[in-house]
Each structure stands twice: as C-alpha cells, then as structure tokens.
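To start, the structure under review is shown below, and the notes come after it.
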Amino acid sequence: MSCSYTYPTGHTVNATFWMKNRLEGLETSGMSEDPAYKIRVEYLGNKQNNCSMKLTNVTGQDAKRYFFRFTTNYTSGKWIGEPGVQMSVTDLQVETPERVMEGETVTLKCNTTCSLSNTSTFIWYKNGRVLTRKTMKNNELSLQSVSYEDRGSYMCAVQGHENLPSPAVTLTVTYPPKKTTVSVSASGEIVAGSSVTLTCSSDANPPQINYTWYKESVTSPVGYGQSYIINNIQSSNSGLYYCEAQNKHGSQKTTAVLVTLKDRPKKTTVSVSPPREIVEGSSVTLICSSDANPPATYIWYKKNGSVTIGKEETYRINKISSEDSGEYQCKSSNQHGEHFATVFLNVHYATEKTTVSVSPSGEIVEGSSVTLTCSSDANPPATYIWYKKNGSVTIGKEETYRINKISSEDSGEYQCKSSNQHGEHFATVFLNVHHAPKKTTVSVSSTGEIVEGSSVTLTCSSDANPPATYIWYKKNGSVTIGKEETYRINKISSEDSGEYHCKSSNQHGHQYSNTVSLNVLYPPRNTTVSVNASGEIVEGSSVTLTCSSDANPPQINYTWYKENVTSPVGYGQSYIINNIQSSNSGLYYCEAQNKHGSQKTTAVPITMKGIHGQSWGVKYNRDSICALKGSSVTMSCSYTYPTSNTVKTVFWTKHEVGEPSDLSEDIDYKGKFHDLGDKQSNCTMKLINVTQTDSKRYRFRFTTDKARWIGQPGVTLSVTGYGQRYIINNIQSSNSGLYYCEAQNKHGSQKTTAVPITVKGMETVIAVVI
C-alpha cells in the first residue's frame, strides 16, 4: 500500500506504523506488533515522507480498512491518515462452458470479485503448463474451432502472482470416435476349430460408443459390441474384418484386419503370362498362387514327369517350342498340407515335318484307286492345298487327295502345302503308276528315202511302266526277228522291203505297234524287152516294143535305142513302130532309169517278113481333154481291123506299163465308167462325176481271133476346178498349146495373155500359176 505523508517544518517524526480497525479516541498499536500480521507486514517507508507498506499472504480475513499514523516530537504532533485504504481480498475463478462440441469456438474468462489493476496481465495454464500460443485478451482465453485435443484442466493467474492461480476447471470437448482400431486376440495360431476375439477400441466423447462389425464382401453386419468372437473358426471365416465405432456426434471405421487360418494350401491356381496365344519362340511365365497360411512353397512338374522343373512361385520358359506343349503341374505346400493345380500349354507354331503318305502302299497299277494323305506337325492344325508339280492350279484342298481309276497320265510329282497363320511347309511324293504298254509305235531312223545298201534302224517305243521288253516281227510272219528295242538291218536289200511291227510287253500286259512299211529304193534291174506284134512283122504292120524293169521307185524313165543310131529313137515304156518299113529292121534295146541308177536290156532284133495291109488302127477324136471336177467326160473314138478278123474283146485301160486291165473291172471306176461302143467300130466311153484323181491317160484296146491291138497315144484327161492354180499331171505332147485364164468378180472380168506350154522329151508336171 503506497502512501506519503507531510508534517510541519520543525517537527521530527518519532514513530510511524500502520493499523487496522481504527477506533475513535483510542490509541492503537501498529500491525507489526499484531501476531496475525507480525511476520506478514513490512514497512517500506521512512520518517521523512514515505509511508508505504507491504502485506504478504493476504487472505479473506485481511479484508479491512488500513490507516497510516505517525507522531512527531510535539505533543500535538499526532496524525492518522484518513480515510485510509480499504483492501478487498478476492480469489481468481475461471469461467467456462460445461461442455463444448468439437469445432465450436469457446472463450474462457478469469474472473475476480473486485477489480484488479488495469495493468494486470493474466497467465493461462492447461494441465499445469503455461499456454503461449493461444489467443488471449485481458482476462479472456479464446479457443477457435475446438478439437478434442483442447480438452483438459485450465487455470489462470495474474502475472507476478503466479503462485496464486485460480482453481483448475475442466473443459469437456465432445467429439465423434477417433483413433478407432481393431486388435486380434487368439490363443496361439489361428487354426480351424480355434476361437478368435476381435476387439474394437476408440477415443470418443461421450464415450458411450456403439460398435458394429463387418466383413469385407459381406453386405450385412456380422456382429455388434466392442468385441466380436469367432468360435470354431473355419476357412470360410477368413477374411478382412473391420468395426465401426459410433456415438451421437459421428462414427469412424477401422482399417480392416486380416483374419487368416493357419491352414494347408487351397484354391491353388496357375496363370499364364502373357495370357494371349502362345507362339513358338516367345517367352512364357507360369505363376502359381494359392490360399495358404503360412504362405506356401511351390514345386513345378511337367505332367507325368517325376523330375522337378522349378521351385519358385513362377516358372519361366524362354523361347518356348512345340516340345514345351503339355500339362504343367504346380504343388503348393506348407506344414499343414499341400495342394495341386495344372495348366495346359498349347504352343502355336508354323507347320513342320510335313509328309505325304500313299495308300495303298506298294506298287500302283493303272485303274486302281490311290489316296494321298498329307500330314504335318502344326498348331493350330494346318490346312492343306495339293498341286501337281510344276502346276500352278490347285487340285485339292483337303488333307487327303483321292485319284479314282488312276492312269499313267496321273504319274508325276505331287506337292502338298500345309499352312496355318504362323507359316507354311511343303512335301512332295512321286506317283509311279504301273501300266501295260500303250502308244506302242515304230520309228525309222532314216527320215528320208531308204536306198538299197544303206543301214536302217527300227526303234520300238511305248509308254509302259515298268519299261517294256520288245519282240520284232515281219508282217505275216510268226518268227521272231528281234528282241531288242531296236532292230537294225545292215546293207538293206529289196528283199527287206515289207511291213514290220513290234510287240511291247511287261507284267501288266502287251500291245502291238502299228506296222511300218520299209520301201527299199533301188535302181532298175531285171530289165527286159518284149515284142508285141499282130502276126508276122510285115511292112505296114505295127510293132510294139515294151520295156519291163524291176525298180523302186517304179517311176522309171525308159529310153529306146537302135544299135548304130547315136540318138535315142524313143521314150516311154513302149516303143511303137507303126507302118513298119524295112528301114526299121535292126537291134533295139531300152535303158530303164530312176534316180538311183539305170540298166540297159539285151538288144532284141526286129525283122520284117513280107507286106501287110494297113487295116489296123484306133482313131481318137481328141488326144487331150480338160474337164471340171464333178462334170462328165465323153471320149469318142473308132477302130478298124482286117475283115478276116473277128473281134473278141474290147475295153479301155489306164495302165501305162505291164498287161493292160479292163477299166470296167476297176473298183475305183465302178458306177463312173460307161462303155458306149460296140464290137464293130465304135469305141466311145463316158466318165461321170470326174475328180482330180481321174487325171490320167486312157487307151482303147481290142483283141481278135488273130491279133490284139491298143490304140496309141490314147486320150489324156486333166480334171481341174476353178481356181488360181491349174495342174497338168503326167503331161504329154498332146498337152502342148497356149493357155490363158480369166479372172472375174461381180464387177467384171479380164483374160490373161496366153502362155505357151511345149512338151519336149520325158514326162513332167507343169503348173501355171497366175
């Protein structure tokens, strides 16, 4: 209590003291002498002018009015300070709500029953510790957005009087459950049949909490209360459990805890990575998983194999091949038991090992049925296409290709292509079809003329499998002349002319070849001259000399000679001397010639005897006729003979050499030849519907009871059609003349200048082309 005093000058202060409860008119003693204050009062003043006093450890009983009194050296120098100092003693009290909800704002007040100094500073305590980081103003403590951490015991004190704090008050914060956890209690390992207790703990205010238990993947609650007990636990009880703690302010769920049984592995499965199609050459990982507690260990086997191929959870195959296809087995095990799982690896790969088999096996005979089967190692299974070697055309698209009634044409190489989406592969097989010989033919080594004295080889060939053996025959002969593929004739002669054929044979049959005719060409030989005269050769008669010769080709050129005459006297196979005279007597011979040589005959004599009439003869109206193909031709003629003769036979002939034949008996002229003559003098004949093969020289011949006669030179018939070319075959001197053609279209025509044809010497073939 601070105070000061004054007194008149000249006074000296004798005593100073404080007193309480001043009684009027009584001298009282100072507080320093009062036992209740003696140790608590301290005079801070002096005897000049300071009268301050300090009272410690004040209590409610100290609430009084206090006065300062002093005395001086004068008897009237006594003074008491009025009205004194009234001291009120009070306690600090914290004012706070009974409860506050988490999140609200609350203000705590430090209240007194009397007003303290305006300069008083308040200090706040929570749970005995000074608060420094809160909002404080005067005697208030403000708590913003209260949390459950703000709960506790609060006190306040005035700075400088920290030893006089207020009584502690409790701030109660209500809040929903927090720090909710689950604990698992079990007697040893959790095995089937044991009991497990799950306990839920939570911090909440009010602490009246409702607990609800859940199992993950189960929609409804599985229990209620702070504890959840699972008796006689089974594997079906395994799983994640959590609880939800709830009071009227909210709720909180715990993190799920795993309740697992210590059990043998179950639900063992094998997965394949990557899960798509497995292609040869790729890498594949097999993963084994199981439901086991404690965790399982793994062993890998390839099905039906006793050898372990792996001991990890995963089994990896790098660059997988088709040999890795198959069933794989994983064994998962722990101390409680074991379990197995299998998976089949289906490795896809391109076709390989493609082969073709033939059914039936063994020899393939023409006419049988053959099945080709293509097989390959492929995954997925291959599709097949069949080709015949060197052919671009597909002949089949199935695994098998069947040939019914196989023939030799089916022989050859067959190719099968097997393919899938990963690649393709080929295989070939040769079909060797056995069959009896066919297409048996004979060929002659010489492609040109076969001339007597040369060598000729006949070759027999056939299509046969197995290859044929050969036998050679000469036509109409039963004797074998050869047994090789070829038959060779060295220095061939005309006697070798004729038809040859061969027989080719194997175990399946035989076949005869076509016949081949060997036409051996040789020069004239056995050339002779015959004389044909009607009776004795007398002057005026006719004599025919005929030259005969064996030659090939038979197209022989005959030249007639008379001895002692340097030039030839005639040409052709016959040499006719009409109206013979004595000058014609002499030795005559002919020379026969073809392109391979010539031969002369022995000379024959012609000797005349007497004189003969000129009554014999044949007269032709025309010596050559040109006719259109398909037309009719009449050859008019007349003949004479001595009256003493009687006609026996008459006929027309087309032969140039040898004994003439009757045209009416020729099969080629049946129905075409018509004899219009008689046996007196008329020798006319008619040919109808002539063709170019009728182009020949025709002669009339008659015989009497005494002689025979042939009319020379005859009539030459040339048959042609209209056209750009006109051919005269077997041209004779009678064909000489001027020829021209006429060209015509629908707009007009034009004739050519005539060209001369002059026949000299031997027969030839002339063609005029315009």
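Note: Cβ is positioned from N, Cα and C throughout, glycine not excepted.
Note: TrEMBL annotation is automatic and uncurated.
Look at TrEMBL and you will find 83-172 (among others) tagged as domain 'Ig-like'.
Taken from TrEMBL, the feature domain 'Ig-like' covers 177-259 (among others).
The average pLDDT for the domain 'Ig-like' (265-357) in the predicted structure is 90. Per TrEMBL, domain 'Ig-like' is recorded for 265-357 (among others).
For 366-432 (among others), the entry in TrEMBL reads domain 'Ig-like'.
The domain 'Ig-like' annotation in TrEMBL covers 437-517 (among others).
Per TrEMBL, domain 'Ig-like' is recorded for 524-607 (among others).
Taking DSSP states H, G and I as helix and E and B as strand, the domain 'Ig-like' (629-758) has 12 helix, 56 strand, 62 coil. The domain 'Ig-like' feature in TrEMBL is assigned to 629-758 (among others).
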Region pair the domain 'Ig-like' (437-517) / the domain 'Ig-like' (265-357), three or more CB pairs under 8 Å: no
